[in-house]
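S.K.: Checked TrEMBL, it gives:
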DOMAIN    23-287  domain 'NADH:quinone oxidoreductase/Mrp antiporter transmembrane'
TRANSMEM  60-80  transmembrane segment
TRANSMEM  92-115  transmembrane segment
TRANSMEM  152-170  transmembrane segment
TRANSMEM  177-195  transmembrane segment
TRANSMEM  201-220  transmembrane segment
TRANSMEM  232-253  transmembrane segment
TRANSMEM  273-293  transmembrane segment
DOMAIN    289-343  domain 'NADH dehydrogenase subunit 2 C-terminal'
TRANSMEM  323-346  transmembrane segment
């Protein structure tokens, strides 16, 4: 793709997200979401492949449906209450419809079915943008909406953690596994949203760092399924050594960074007298942990058959950037001791 076109599309992504982040009026926020969607569509189709075209079409239809529902709900709210302000949503019906529209936009269960299919049709770099950057604008709106007494958030959150863990168990394609991982992590963020929004923000930041590190590691090794992980040790031995730690961090095991949001969320749920919700969320995390361990095993404890077809890619030097992988990998594994400082920053 032409570098000028690429720069223009990235500027569109940045502009759309910034407009939504800084807006307090529903129409302006909706416009930002639409600019965001229109900017990523050419990036998704830059691979001239039927799978990419199919993924783009599915993504466009899903996002258009969610945007139309959002516009309908905000117009209904203005009709009922006379308010277009995002933070002054008082009527429960438009608020619930907007939460469902944003859930469809980011791929929360039970409105998640498009996400694994779309991610599977994209290359790893566009998949990284879809899994990280595209979550920022909808979450900015979710954090601004008054969500007190919205039990639907807990239901959507628990459904997402369950579906995210259950759906990834039988997958062999890495992009689909990462899609289900994304659904599970978003579920954790939604569970705690109405009780402690600052924890949702913390969980979102750690999710962005951890997912980026894994996508970049897979991109560096050019691996897209579990079988091709076995050749990773010959391409990048050090990265292959660190990769299980990245996966276990995503699973939420101490002493990695991923343990921090899960620990704080379970602690807050217990304080809010919701031990059953905390227990179900913790048990669904075990499902996700299983397929992370499966990937770790395939990457570090198996060796690919040494045939000619398998040997060739090992010998090719990689010309990809290593600094982003290094920074995100270190952040994914080493930030747990800084929890008090991070909490102080988030609660400012």
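Cβ atoms here come from the backbone N, Cα and C positions, even for glycine.
Unlike curated records, TrEMBL annotations are generated automatically.
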S.K.: Let me check one thing: do the transmembrane segment (152-170) and the transmembrane segment (273-293) come into contact, meaning three or more Cβ pairs under 8 Å with sequence separation of at least 6?
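M.R.: Between the transmembrane segment (273-293) and the transmembrane segment (152-170), which are separate recorded stretches, there is contact, as judged by 3 or more close Cβ pairs.
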S.K.: Tally Cβ pairs under 8 Å between the transmembrane segment (201-220) and each listed stretch (92-115, 177-195, 232-253, 273-293, 323-346), then give the stretch with the top tally.
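M.R.: Looking at each of 92-115, 177-195, 232-253, 273-293, 323-346 in turn, the most contacts to the transmembrane segment (201-220) are made by 323-346.
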S.K.: For the transmembrane segment (177-195), give me same-chain residues lying six or more residues beyond its boundaries with a C-beta closer than 8 angstroms to one of its C-beta atoms, as numbers and ranges.
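M.R.: Tertiary neighbours of the transmembrane segment (177-195) are 103, 106-109, 112, 115-116, 118-120, 127, 131, 135, 139, 142-143, 147-150, 153-154, 156-165, 167-168, 171, 203-204, 207, 211, 214-215, 250, 261-262, 265, 268-269, 272, 277, 281, 284-285, 288, 291-292, 295.
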S.K.: Summarise the model's confidence over the domain 'NADH dehydrogenase subunit 2 C-terminal' (289-343) as a mean pLDDT value.
M.R.: 79
S.K.: Counting only residues 6+ away from its ends, which parts of the chain sit with a Cβ under 8 Å from the transmembrane segment (273-293)?
M.R.: 154, 157-158, 161-162, 164-166, 168-169, 171, 177, 180-181, 184, 187-188, 191, 247-248, 250-253, 262, 265-266
